[in-house]
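This report refers to the structure that appears directly beneath it.
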Amino acid sequence: MKITKICCIGAGYVGGPSCAVIAHKCPDVTVTVVDLSQERIDQWNSDNLPIFEPGLEEVVKSCRGKNLFFSTEIDKTIIEAELIIISVNTPTKTYGLGKGRAADLKYIESAARKIAEVSTSSKVVVEKSTVPVKAAESVNNILSANHKHGVRYQVLSNPEFLAEGTAISDLLFPDRVLIGGPQTPEGREAIDALSWVYQHWIPMEKIITMNTWSSELSKLAANAFLAQRISSINAMSAICEATGADVSEVSHAIGTDTRIGARFLQASIGFGGSCFQKDVLNLVYLSECLNLPEVAAYWQQVIEMNEYQKRRFANRIISALFNTVANKKIAIFGFAFKKDTADTRETPSLYICKYLMEEAALVSIYDPKVDHKQIVSDLTDPAVSDKETVDKLVTITTDPYEAAKGAHAIVICTEWDEFKTYNYQRIYDSMLKPAFIFDGRMILDHQSLLELGYHVETVGRRLVRNSVNRLQAMPK
Ligand code: NAI
């Protein structure tokens, strides 16, 4: 089977960058990314791409209009392609059965129905979206129940492991590519066809093939393990704060054990992003449906710990500011869920703002990449606050010095590199005293800040200034 044309359904954080890299690396293949949203497609075709990722613009510009296209002509693109990648969103359900936990598969289903409706030749259908185990079977059932004479489908699972903020390098140099598919001659042929695409730039030994259900579960398992490491180190950070141990030292000590490894051991105000919470909840729901309540409870605790960490950090801010933040200006540095992205889905910063607003604090938000409209839209979500409260309590600035001017405290919510480079003397001079910094990402030089006169609080470590201004962990 020769692949000359690929159609990707869904021009989001995954579909856009992953297909741009495929087109960039496979000049012999035409890749068209389609979406229902005309606005999104127009942005992909403009100089102002809809998402920010380091290196993305260069990759898109290198092949857009040559073998990479963005279009709303969904039917035509499906008809022409031999291989169709489904990369639509699979958010947590907000209604009905499984509300708040199960993955909402309505976008996957409608993409599958569209493929079945318009296809006039056989296709390899690749499920790239993150889905519950056995979703490929549902896609297959929809396709085969609606297939036309002579049209056959092979459904593969090819989950995406990119991380936002490093998407392009993750796609260019992945740890592995995972392809799951039916263990039949036709299934193997489809796996080989997709594998051929990746082999343009990825060594064979990094392309792992397996059965479909293992592949689907592996994606949920990978995200659950990563989220669990963050919740585990955050649980340790609470013990550190209560005892005088230092979570950075604990992380270093355990991370040097090769069985544990050093990555994903950074304590913080909690994980965010569109995937971790959604995928762990998905696993919890799946376990419950499989009548495995102990397994469900085990993974649910990863989410509980994350909630606890966000709430605990907000409580520390309130208690350090003499148990009241009402009418106090508090500068929030960072609104994106992590650095190098403008994505705010499930960002911990939003929860910190919410908790502070519930205490009537005046929050002044600065983020280098997230635009004003997005911040207002997140804050006015009914689960967070309302327009009247936001108008009264929130200001959004494009200047961090302005955000901190006249503030009682600065709260670092995102680990943007530029936060490390500011003139903290100038900021200190413009703040009310005592001036507080709550470093929720452990990125600043705490010793220097203490020397400037700041009161510094961070995660997993209690700081005091002694008589010679040396930083010390506080004894109990
Ligand atoms: P997204 O929300 O950014 O993009 C999805 C796009 O699909 C939207 O533009 C939407 O308009 C479009 N769409 C939905 N239904 C459609 C249909 N029937 N026809 C055409 N277009 C349709 O979502 P994102 O972040 O790209 O995620 C996609 C999938 O990849 C999800 O399952 C997610 O869990 C998974 N994933 C996401 C990662 C991330 O970092 N964002 C990383 C790895 C996996």
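Cβ coordinates come from backbone N, Cα and C, glycine included.
Database features, via TrEMBL:
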| type | residues | note |
| --- | --- | --- |
| BINDING | 10-15, D35, R40, 88-92, 129-130, E164, 275-278, R345 | NAD(+) binding site |
| ACT_SITE | C275 | active site, nucleophile |
| DOMAIN | 331-446 | domain 'UDP-glucose/GDP-mannose dehydrogenase C-terminal' |
Cα separation, C275 (active site, nucleophile) to Y13 (NAD(+) binding site) (Å, whole number) = 11
Recorded positions Y13, D35, N89, T92, E164, C275: those with Cβ under 6 Å from an atom of ligand 1 are Y13, D35, N89, E164, C275
Surrounding CB atoms that lie within 10 Å of the CB of G10 (NAD(+) binding site), all protein chains | 26
Around the Cβ of T92 (NAD(+) binding site), the count of other Cβ atoms that are within 10 Å | 19
Average model confidence [pLDDT] within the domain 'UDP-glucose/GDP-mannose dehydrogenase C-terminal' (331-446) | 97
Roughly how many Å separate the Cα of N89 (NAD(+) binding site) from that of C275 (active site, nucleophile), to the nearest whole number?
-> 10
Alpha-carbon distance [C275 (active site, nucleophile); E164 (NAD(+) binding site)] in Å | 10
Spatial neighbours, same chain, of the residue listed as 'active site, nucleophile' - Cβ under 8 Å, 6+ residues apart | T130, N223
Provide the number of Cβ atoms within 10 Å of the Cβ of Y13 (NAD(+) binding site), excluding the reference atom itself.
-> 23
Cβ-Cβ distance under 8 Å, sequence separation of 6 or more, same chain as D35 (NAD(+) binding site); the residues meeting this, in order, are I9, G10, A11, G12, G15, I41, F70, T72
Determine the Cβ neighbour count for Q277 (NAD(+) binding site): the number of other Cβ atoms within 10 Å of its Cβ.
-> 21
Determine the Cβ neighbour count for N89 (NAD(+) binding site): the number of other Cβ atoms within 10 Å of its Cβ.
-> 19
Grouping DSSP H, G, I as helix and E, B as strand, the residues of the domain 'UDP-glucose/GDP-mannose dehydrogenase C-terminal' (331-446) number 44 helix, 20 strand, 52 coil
